[in-house]
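First comes the structure, then the notes that go with it.
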Amino acid sequence: MPRLFILTLSLLPWIPVVLCWVATQNEVSVLEGGSITVPCRYDPKYANHVKYWCRGSMREFCTSLARTDETSSTNPSKDKVSIFDDPAQEMFTVTMNDLKETESGWYLCGVELGNGWKADDVVYTKVKVIHGVSVENNMVSGEEGSSVTVQCLYSERFRESEKKWCRSGGWSSCLSTGSEGSYEDTSVAISDDRTGTFTVTLKKLQMRDAGWYLCSAGQQQVAVQVQVTPRASTTEPVTSPPTQSQSAVYLPPPKHITKESWNSHRYMLESVAVCSSLLLLVGLAGLARKLWILHKEDSELRHFKEMKERFSDNPSDMGDLQHVPIASHNKATMDGLNE
């Protein structure tokens with residue numbers, strides 16, 4: 001029985017997640033000494049209800065940190081915990097400042113229903129406060145000759161620590177802020193605001209500057225990749241004549257056909273089309289004439305053969321063969337007569 005009771009209590013925080021009308025982020029991470037703002041959305045029917053933010057993994061035993069019905073003024077930038085409700089957006093936000101590592105844990109957004117017979121609607125989120133170093137972007141890119149900026153973030157315990165910017169793989173390349181909290185030369189500038197961020201600016205980028213770097217504070221470090229792209233060319237590239245070892249032949253890009261260029265060549269194209277049509281017609285006429293002549297010769301040849309066969313059967317009519325008109329024939333025709 002005690003085990004069943006403990007199991008029931010452990011499941012209670014997760015029941016509202018399925019049935020509630022409130023939603024937020026599942027987890028929020030922040031460096032020690034930093035701030036977070038958690039948005040909590042709710043159903044429109046809760047617009048006039050009291051909202052609250054409390055710490056704990058169980059609704060029944062959580063510690064209230066902020067409520068919308070409290071009369072004290074809220075200043076999100078200075079107060080440790082502040083809450084603001086915006087019914088028009090159907091959302092209330094909670095801001096926590098100067099977080100410590102000990103403040104990590106479960107928190108919940110809640111809507112008070114004011115009914116002893118019905119539990120409040122809540123949703124849980126986990127806040128993780130960590131110490132160390134991080135970056136806003138772990139990859140930055142810039143064009144050759146330009147500048148890029150890297151934002152290195154660190155937790156509260158490293159505010160007085162020396163900050164370094166190093167090329168990965170070579171600690172001898174590290175550049176340090178020193179006691180003044182800054183460093184600058186012709187290619188790199190480092191500035192520490194002593195509040196949780198130090199900024200590294202790489203100036204006049206060159207292709208050899210591309211690679212991996214490290215933001216370092218104390219014994220903590222985080223990697224950053226710097227990419228450098230070639231400078232955009234403003235002049236057309238000069239192409240050298242192809243050599244024998246080159247298998248590809250450079251061809252200039254095709255020109256676009258415009259209305260003006262089409263009109264300037266239209267008459268020439270029309271003349272070419274007319275001449276081509278006339279040549280085609282002449283060729284077809286010559287072919288037709290040749291076919292007609294061959295057909296006529298074949299007809300005369302067949303007629304002559306018929307008469308020859310008839311006269312060979314009647315020799316007395318052989319004299320009439322002299323009066324048969326015979327046209328001039330080519331060699332192929334004469335060969336046909338002799339067969």
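The backbone N, Cα and C atoms fix where each Cβ goes, and this holds for glycine too.
Confidence for the domain 'Ig-like' (13-125), expressed as mean pLDDT, is 85. Taken from TrEMBL, the feature domain 'Ig-like' covers 13-125 (among others).
What TrEMBL records for 144-229 (among others) is domain 'Ig-like'.
The signal peptide feature in TrEMBL is assigned to 1-20.
Mapped onto DSSP classes, the domain 'Ig-like' (13-125) shows 19 helix, 50 strand, 44 coil. Per DSSP, the domain 'Ig-like' (144-229) is made up of 6 helix, 50 strand, 30 coil.
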